[in-house]
């Protein structure tokens with residue numbers, strides 16, 4: 001095997017570790033990422049090469065590249081790095097790639113994806129530029145708020161209770177998603193994302209003001225379904241705001257009386 005390639009994020013390098021992204025299994029990360037991104041493109045989540053996704057398979061991390069049209073992505077476009085080698089890197093901005101495509105640049109989302117893997121042991125992290133997510137951050141900006149909070153909505157059940165906790169949130173629970181401010185360069189968001197993770201240990205997502213959202217999960221299924229649920233709630237919240245409806249309500253639980 002060719003030794004790992006070490007370089008700065010902007011560096012393009014090539015090696016012969018193409019076997020890492022070659023598989024007939026549709027569930028292989030190198031096949032899943034293009035498939036997922038093509039679906040996300042139809043939803044408007046990764047328009048104009050924005051957004052991306054990353055999947056961790058044990059120590060191997062598979063990443064969508066920068067600058068690629070997400071609906072046209074191929075397995076051969078995928079970067080692969082070693083999580084352990086990255087943790088041992090002397091520089092947080094230095095990457096240890098096992099496999100690099102010859103054309104594209106590594107995604108600036110990479111350190112944010114790595115934060116989800118190292119701090120939450122996530123199996124997948126998704127970054128979208130959903131306009132519903134952006135609109136929610138603008139509404140919160142007007143309110144001077146750094147949290148998205150909503151309760152008493154059925155779709156809240158689509159979220160886990162938190163890191164290393166079993167079960168999902170309930171209908172009457174309050175979903176809380178922190179908001180961090182955007183930066184001129186994506187990589188510079190990393191420390192603020194990590195701070196939000198520390199402050200909100202149970203969150204599965206972080207909103208980025210005027211930018212989008214990062215969502216992660218224990219595996220691809222959970223990350224995808226939580227991202228879908230969150231986008232549903234963002235759209236609902238924007239439309240509720242237009243109708244003058246509150247996101248937080250005090251509703252008495254309905255208790256069934258039948259005993260059979």
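We count from 1, first residue shown onward.
Just so it is clear, glycine is given a Cβ too, placed from its N, Cα and C backbone atoms.
Note that the coordinates shown come from a computational prediction; the quantities given were computed from them, not determined experimentally.
What Swiss-Prot lists as region 'Disordered' is 1-26.
Annotated compositional bias 'Basic and acidic residues' per Swiss-Prot: 16-26, in sequence order. Below 8 angstroms of C-beta separation, residues 1-2, 32, 35, 60, 62, 75-76, 78, 80, 98-99 of the same chain, each at least six residues beyond the ends of the compositional bias 'Basic and acidic residues' (16-26), sit close to that stretch.
In this view, residue 109 (substrate binding site) is surrounded by 24 other Cβ atoms within 10 Å of its Cβ, with every protein chain counted. The DSSP secondary structure for residue 109 (substrate binding site) is coil. Swiss-Prot lists 109 with the feature substrate binding site, giving sequence analysis as the kind of evidence.
Summarising the annotation, Swiss-Prot assigns Zn(2+) binding site to 127, 129, 211. Mapped onto three states, the DSSP output places residue 127 (Zn(2+) binding site) in strand.
Positions annotated as active site, proton donor/acceptor by Swiss-Prot, on the basis of sequence analysis: 154. Under the DSSP three-state reduction, residue 154 (active site, proton donor/acceptor) is assigned to helix.
Across the fold, the C-alpha of residue 211 (Zn(2+) binding site) and the C-alpha of residue 154 (active site, proton donor/acceptor) stand 26 Å from each other.
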